[in-house]
Amino acid sequence: MTANGLVQITLYFVALLLLAKPLGVYMAAVYENRPLLLKRILGPLEAGFYRLSGVNPEQEMGWKSYAAALLWFNLFGGLAVFALQMLQAHLPLNPQQMANVTVDSAFNTAVSFATNTNWQGYSGETTMSYLTQMLGLSVQNFVSAATGMAVLVAMIRGFQRTHADGIGNFWADLTRGTLYILLPLSFVLALVLVGQGVVQTFKPYQTIPLVEQVSTATEKTTQTLAVGPAASQIAIKQLGTNGGGFFNVNSAHPFENPTPLANFLEMLLLILIPAALCHTFGTMVGDPRQGWAILSAMTLVLVSLLFVTVGYEQGGNPALAALGVEQSVSVDQSGGNMEGKETRFGIVNSAIWATATTAASNGSVNSMHDSYTPLGGMIPMWLIQLGEVIFGGVGSGLYGMLIFVLIAVFVAGLMIGRTPEYLGKKIEAFEIKMAAIVILIPAFFILGGTSLAIMVEAGKSAVANPGAHGFSEILYAFSSAAGNNGSAFAGLSANSPFYNTALGITMLFGRYGIMIPVLAIAGSLAAKKTVPTTVGTLPTHTPLFVMLLIGTVVLVGALTFVPALALGPVVEHLIMNTAL
Amino acid sequence: MTNQIKPAILMLLFFTVLTGIAYPLAVTFSAQTLFSSQANGSLLGSNELPLGSELIGQAFSRPEYFWGRPSATSPASYNGGASSGSNQGPTNPALIDAVQARIKALRDADPSHLEAVPVDLVTASASGLDPHISPAAATYQISRVAKARQMSPNSVSELVDRYTEARQWGILGEPRVNVLKLNLALDQHLK
């Protein structure tokens, strides 16, 4: 690790933590419907949405109504994306004359974007019309993110309220999150990104003569440049932990992520809202220390694992060293394992992105994770498998982490023989049962799905790399789908009926199989009374509790997935270092 | 539960108009007004005679040009219409073979040059469109380009220095050389 590498990593985390606090406090004000400057401008629009939809934003919903509103909204959103893909050839704004998408791929993509996963079985610039990207994918980028945040806010209300039936109004939470948080931030970011070189145009692709004209008939003498309304979509895909790229290679594409500054901003916004929501939580429950404790746990895990990936990627590939390739870092090159990485990002910025995008359930990439060293690439996969709670998705990361908090409190309660409580709420059998479902569902689909795929030909034939690495590709795919992450070991040819269906189902359960129990917990907590804090209460803002929480997350993640990881990345690591 | 169906459909409709139509149009309008060149692909040369995009690399294989990163796009390399990485894993024999072939091509083009090859010059970029190589990879190619163009290595080296970009703000990213701009400068299309 060079001095500059350390400076870039430090700068990244300092900027993140500095911005998270004010944004988090602001978001609390949005969700508590306090007066805001932006309300003066967009307030009439908000009121218009409610009036025209026949919604009363003051009307409290019980957890079942809240869940029903959410599920209907996501269902119709998914259907709209599906329909746009099935009809795009006949619709306007399709200058490249893209054909209609196949049924299985359209299903997969519709689920993928409605669930905030943004797994991409397709290649953007060769599959989707501008209309589909805008009306289908961009819209879901906004509302699937706002949906996740709404569920989190509903859960926080569960802790805030006593003897209450309602946990808020879904339509109000959805609308406020989109109008006052996601939309203004995306607009500003999109323009800054265009300033750095991200394209934003409705013109068709451009064909340009190559500088080096090759005379043979088989070679091309021109280059086609794919463009499109990219910046508007890239801004929200980073902010909303969506991650679905406008182009096939996502933020490795120079038109999607042109400069180191663009890269820094995109990386920052990748986990800014998940980090800020910790402060939103602390503010809303009236004890900012609770937010800090969770944010500290998340940051500690991410920073530690980041250094593992940087170390292995900087170490390079021993097989290339044997061929006499210069992989050491110097002032003139970043060195290391550069297969699948861009020169302008080098090792450090590729590694920060790879770990941040998998810690958060974003899933956008600026390098190809499939080409990482075995252990350098195992870290992103394991971060997904930890349950997408180290920052995690917008909303979904923190509500997932709060589930682990309940488990940690429960474990501590067992040790000291006291009924566990958190923020004055007794944690009882119902909450722990729901928490167990939340933890078991992803594990079931990741391990079950991987097992199924390696037993059938349609699963095995899709791998691109032989041996243990091929197994890692499949394991990563199911982890990514269950965690609603969306990144991939992209060599896997996942655009097939088998993977489109299996991964589509996995994404659905990975999203709603967790949201519904979380809302049930929110409803149950809201109905409870608040018990007063005594000397016997376990404090949940101390360094000791932060360690207990990290221990819980890591232990569950390790116990569940180490055997599978041993068959993939670990075996490959041993092969790579002994074959020579 | 079914009383939420109507608001669900209407809300989706309004959000589609707002975030799917108004928002991208507003961004496009502002972007085309403020940053028209970048918004349209950062093209070099004139509108009538574009020389390429500053941000998208092109394929070079003749000795008198600097070569960029290997590209895994298909059907041809540096296909700006279909970005792609190789996705080859570190223990994949195909990767080792490919790197070996790339080293051989570099050696064959300049047999007297025996230094170790910088890694970015023999490994495929993530996008297949990487416009840059490391300064080390540019320096490595100076002797070949100078011989092929019958220029002094010093004058080629000066051009390389001129097209070497430092870290942004001195901190961010990695130092790099824009291959297309450097080659255009060699051909005296750029000053």
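Every residue, even glycine, has its Cβ placed from backbone N, Cα and C.
Here TrEMBL flags A:6-31, A:66-87, A:137-156, A:177-199, A:264-285, A:292-312, A:389-414, A:435-456, A:502-523, A:544-566 as transmembrane segment.
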Who are the long-range neighbours of the transmembrane segment (A:66-87) in its own chain, taking Cβ under 8 Å and residues 6 or more past its ends?
100-101, 103, 105-107, 109-111, 113-115, 128, 131-132, 135-137, 139-140, 143-144, 147, 150-151, 154, 167-171, 174, 512, 515-516, 519
Any chance the transmembrane segment (A:292-312) and the transmembrane segment (A:435-456) are in contact, meaning at least three CB pairs closer than 8 A with a sequence separation of 6+?
no
Region pair the transmembrane segment (A:544-566) / the transmembrane segment (A:389-414), three or more CB pairs under 8 Å:
yes
Residues from the same chain, set at least six apart from the ends of the transmembrane segment (A:177-199), whose C-beta lies under 8 A from its own:
26-27, 30-31, 36, 38-39, 42, 45-46, 142-143, 145-146, 149-150, 153, 227-228, 230-232, 234-236, 238-240, 254-259, 261-262, 265-266, 269, 273
Counting Cβ pairs under 8 Å to the transmembrane segment (A:264-285), which of A:6-31, A:137-156, A:389-414, A:435-456 comes out on top?
A:6-31
Can you tell me which of A:6-31, A:389-414, A:435-456 gets the most C-beta pairs within less than 8 Å of the transmembrane segment (A:137-156)?
A:389-414
